[in-house]
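Q: First the structure, then my questions, so here it is.
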There are 2 protein chains.
Amino acid sequence: MQRILSTELTGHIDETVTIAGWIHRRRLLKQVAFLIVRDVSGLSQVIVTDPQTREQLERLSEESVVEVTATVTASEQAPHGVELTGPVIRELSRVTVPLPFELHRPALTAGLPAQLDHAALALRHPSRALSLRIAAAAAKGFRESLEAQRFVEIQTPKIVESATESGANVFKLDYFGRPGYLAQSPQFYKQLMVGVFERVFEVGPVFRAEPSDTARHLAQYTSLDAEMGFITDHRDVMAALTRTIAGMLREIGNHADVTAELGAEIPAVHFTEALRIAGAPEDEPDLAPAHERALGEWAKKEHGSDFLFVTGYPMRKRPFYTHPDPADPTWSNGFDLLFRGLEIVTGGQRLHRYEDYVTALAARGESLEPYAGYLDGFRFGMPPHGGWAIGLERFVARLTGIANVRETTAFPRDLNRIAP
Amino acid sequence: MQRILSTELTGHIDETVTIAGWIHRRRLLKQVAFLIVRDVSGLSQVIVTDPQTREQLERLSEESVVEVTATVTASEQAPHGVELTGPVIRELSRVTVPLPFELHRPALTAGLPAQLDHAALALRHPSRALSLRIAAAAAKGFRESLEAQRFVEIQTPKIVESATESGANVFKLDYFGRPGYLAQSPQFYKQLMVGVFERVFEVGPVFRAEPSDTARHLAQYTSLDAEMGFITDHRDVMAALTRTIAGMLREIGNHADVTAELGAEIPAVHFTEALRIAGAPEDEPDLAPAHERALGEWAKKEHGSDFLFVTGYPMRKRPFYTHPDPADPTWSNGFDLLFRGLEIVTGGQRLHRYEDYVTALAARGESLEPYAGYLDGFRFGMPPHGGWAIGLERFVARLTGIANVRETTAFPRDLNRIAP
């Protein structure tokens, strides 16, 4: 099929061309019918005056797929100054059921549940498609920034023998007759791969059996993971992350008119300072969403930044693989990155000596056994290292101002939804 | 830590520098000790004459991680013409257990099970690390070729309500108290996303509960999926795939000295012709591995090509979503791509009309119900489309001459292995 795209029409005035796409809208006036065809690049207007073609069009409802061969005609009133005249329409597939909602209005009027039930249709709306394009650009920018910084891409197992993060929220499966679990993160695998490539990254699904149904949790999300060796401490990781976020925003800017304020350095405050700024009691063990929001406002006001690092979270609130602050082991070399007052990245320096893992687990009263398969690799020499994980959907939601992460992924999975 | 890499030493002759890496090997001679340090870029030779440093080195066994500050000295005998002298060694982490196998020999002498049991160590061997670098380059080449052809990256659910390919070999899990399954492919999701972006791709894990333990099956592998709309038939898909494979080989060539014979067009034979070439009976319903090998030899001899398309597989051996050959519906518009006599890609044109899915399932005596969630999207207008899936590990194995796919992935999963 030798077709051209709607955006290419202006280069073919007075020529006969073939376009193809979905019937976005028909307007059947008395003397003339307007057919708007949507393809991946945009809309084309087709003028139908021939009675037989009009009859054909009357039988083809919205979202039917057609190929249109016609003459490109300059027209001042038409979008982009061109319309198609004298069309021959070939039907590629016909819609014979009523659409659950209309696609041709500027905003989707259907509620989120209806959109998710009919995702294959809803995602065709430009507003929904744009989020997915931004997600694709974010992933591309992530990979390219990291490759430029000598990181190597890895693929790690999603079926694991035991939970990778302590505790619950793990999906259990039948692995050839014995128990297996879906990986909650590639945490230990990416750490072990630092022993191979020094710097690694992975873009892949992670699974959380989140028992709560909130606007910012998904049962499967895309994690943008990175891990790097031979660091002095978490600040080297924060510097690499800052460069990476800049690369992501740059790539997104090539595809969409959205951006965020990011300087050459992201401001950073210690956890104790963050509590003070947020007006929280100084013995608070973690930052609540309201605190994060207050910190986001503060970063914008004081530093003109949409991003803020919070460092030095209390050790007792961070996972056991976190490296303590050597100056005061109450605090950690772990950090979060807040984006407009929402945590979108967790990272930090990790323990790199096997003995330190043994000690850390014992201090928490946890058994080494479930982690033995991973930790074995730490016996064979690991450099000081650290890394991060960015939640892709949360990042896109925050960047675009979308309130619910379900709108930033094609086919979300949550407590109540396993289809389509 | 301000370190330089081993490959950067030649630019710093007579300067004091810091390198860091793993103790690859020590040779403790009477007068002098040689320390070989391995980093991600290669090896550095360090000359130790100072008695205290030598004593320190004697206590540090292979794979311990060190930082070495020393003078870069030109030396004709040393690898790359430089060695490090007068070193100060700082220990970053020490190996205190015997290594299960040695890493400093040209080939790993340990058997595959031992390598897999201690993957975090085995993967440090250059031969094992190279396969993973090639896999990373293949994925990068795949993505970049497709982006240049207007494909958009998507992420799809790995937890699904029902099997995506008919039949068994599916992992079952507990999804918030009801049954869920691990996706065997992103097949229907990528098809539905053709309705949004016309051309899409995904690089992600797929899961097969393969009950057999062979050298070419994994329970989790990385699938390089693509799907494109507005095609005439499967030949448009084959052309896009050929360009994509070329891009993958080009990118791999930037990282490793391996390649394959690929012309501007890959030779293609119809299934009936393939049976004849392979000397198989003409009523054979599929190609056995021996037939594929014979075809690989034929393609090399007749066309000088490492690749061969086999088209028109019998409909009864292809999945229900396959589009039949309009000229004779005994045969399909499905194809396989053989690489050196092994199937590494399956693809073809798909059905695009909802009614055709209903008919195809009925003709096979299969119920529509398990597929209803996916097929609903086909009611809303889909263009003629097709696509393919490349098995990344198989592709890398065939390219590098590795016999077992387990050696082309970091932490393989199979019938007997769920760890590390």
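Glycine is no exception: its Cβ is also placed from the backbone N, Cα and C atoms.
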Q: According to TrEMBL, B:ARG208, B:ALA209, B:GLU210, B:ARG216, B:HIS217, B:LEU218, B:GLY391, B:LEU392, B:GLU393, B:ARG394 bind ATP; which one of B:GLU161, B:GLU265, B:GLU343 is annotated to that same site?
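A: That ATP site, as TrEMBL gives it, pairs B:ARG208, B:ALA209, B:GLU210, B:ARG216, B:HIS217, B:LEU218, B:GLY391, B:LEU392, B:GLU393, B:ARG394 with B:GLU343.
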Q: Quick one: sort out which of B:187-190, B:267-270, B:351-354 is the region 'Aspartate' according to TrEMBL.
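A: So the range that TrEMBL calls region 'Aspartate' is B:187-190.
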Q: Using only C-alpha positions, which one of B:PRO79, B:ARG208, B:THR346, B:ARG350 is spatially nearest B:LEU392 (ATP binding site)? These are the recorded positions in the record.
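A: So, of the listed recorded positions, the one sitting closest to B:LEU392 (ATP binding site) is B:THR346.
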Q: How far apart, in Å, are the two Cα atoms that lie farthest from each other among B:ARG208, B:ALA209, B:GLU210, B:ARG216, B:HIS217, B:LEU218, B:GLU343, B:GLY391, B:LEU392, B:GLU393, B:ARG394, the residues recorded as binding ATP?
A: 19
Q: Are there recorded positions among B:PRO79, B:ARG208, B:THR346, B:ARG350 that sit within 10 Å of B:HIS217 (ATP binding site), Cα to Cα? If so, list them; otherwise say none.
A: B:ARG208
Q: Return one of helix, strand or coil for B:ARG394 (ATP binding site), based on DSSP.
A: helix
Q: Looking at the binding-site residues B:GLU343, B:ARG394, which sits with the largest number of other Cβ atoms within 10 Å of its Cβ?
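A: That would be B:ARG394, with the most Cβ atoms nearby.
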Q: Using B:ARG394 (ATP binding site) as the reference point, find which of the recorded positions B:PRO79, B:ARG208, B:THR346, B:ARG350 has the shortest Cα-to-Cα distance to it.
A: B:THR346
Q: What three-state class does DSSP give B:ARG350 (L-aspartate binding site)?
A: strand
